[in-house]
């Protein structure tokens, strides 16, 4: 028995010594990496004999640092925006127009790139939300209630009206597809809609469309908006699916519609999406089929996407520019967005008197002559420009979890 305490002390001493040795080893490796890194930055002709000897002595470190530099260069190239020249762009759009005309079941996938013309930043572009957050910068405030459907949104709506497009699958939460007049049965908003809150206590789920961004108090894993269902009194929640969450709501996500559309598609056109998230949804790509039996893929994006190698055609251009040329080829006139035709005004549910002060977000101004049913205008006079509650919040918490795991 008397030997047990000595054994325990010896074991602790050994563990501490081992941990200390590991710390010293890591510090030594860091010093070597810094030293070799400094030498590699110098032109070969300017290196001293001693520095050349350092590189010979630490060949494994040299190889690892060169691999890291290659990876950085590849990542940098993938983040760069590439523009096709005018003639090449026209040629590619003509090919796209032929595909659109010949398609029997065309489906469009859209990302943040189709909304940048509405002054809503994208995510992974040079000035995107996540690009800025990765650099440790703050994301500038955006008054999303003032955004209106872009030319591309209106083109997509007309393509559906002309029966050239069967379904639209969107990653965007800005509600602009809905506001363009695209029918809801033809739309899957996979990551939710900032203007819609729901009561999941009601069966079926009860939906409330609002004229303001309902995500003011919500964030990753916290979805209650602070308002209650007018029918059962249950708490209302937003419909946003943050990075790291799994969407379970039937609407407005409409996963069933998206999966069925992808299954029937013979042509898929991706507009303004990096596809880094969409690529993970296997049901959208029919990858269980032989390559010859999958939908033909056309991508319109300024940056690299992980689906580029599978695309029949990659168009490097801004969505509005490409869609303008495409509409000319198809001889389709595109009406400008008209606030009087915006479906959100007749879909919107009015707030109760006790709910008028439940948010500080700016109301979407109704068309001239229509009554604003969502709030007392006097209560909105001091509203300041604010950022959407869903904008980048999931990313921030996701990064913290990754750091903890590391």
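Placement of Cβ uses the backbone N, Cα and C atoms for every residue, glycine included.
Taken from TrEMBL as is:
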ACT_SITE  191  active site, proton acceptor
BINDING   199, 202, 229, 232  Zn(2+) binding site
DOMAIN    86-333  domain 'Deacetylase sirtuin-type'
REGION    362-406  region 'Disordered'
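Taking the C-alpha atom of residue 191 (active site, proton acceptor) as reference, the shortest distance to any of the binding-site residues 199, 202, 229, 232 belongs to 199.
The Zn(2+) site is set by 199, 202, 229, 232; from the centre of their CB atoms, other residues of the chain with a CB within 8 Å are 200, 201, 206, 228, 230, 231, 233, 234, 236. Sorted by the number of other CB atoms within 10 A, the binding-site residues 199, 229, 232 start with 232, the lowest. Around the Cβ of residue 191 (active site, proton acceptor), a 10 Å sphere holds 22 further Cβ atoms from the protein chains shown. Taking all protein chains in view, 13 other C-beta atoms sit within 10 angstroms of the C-beta of residue 202 (Zn(2+) binding site).
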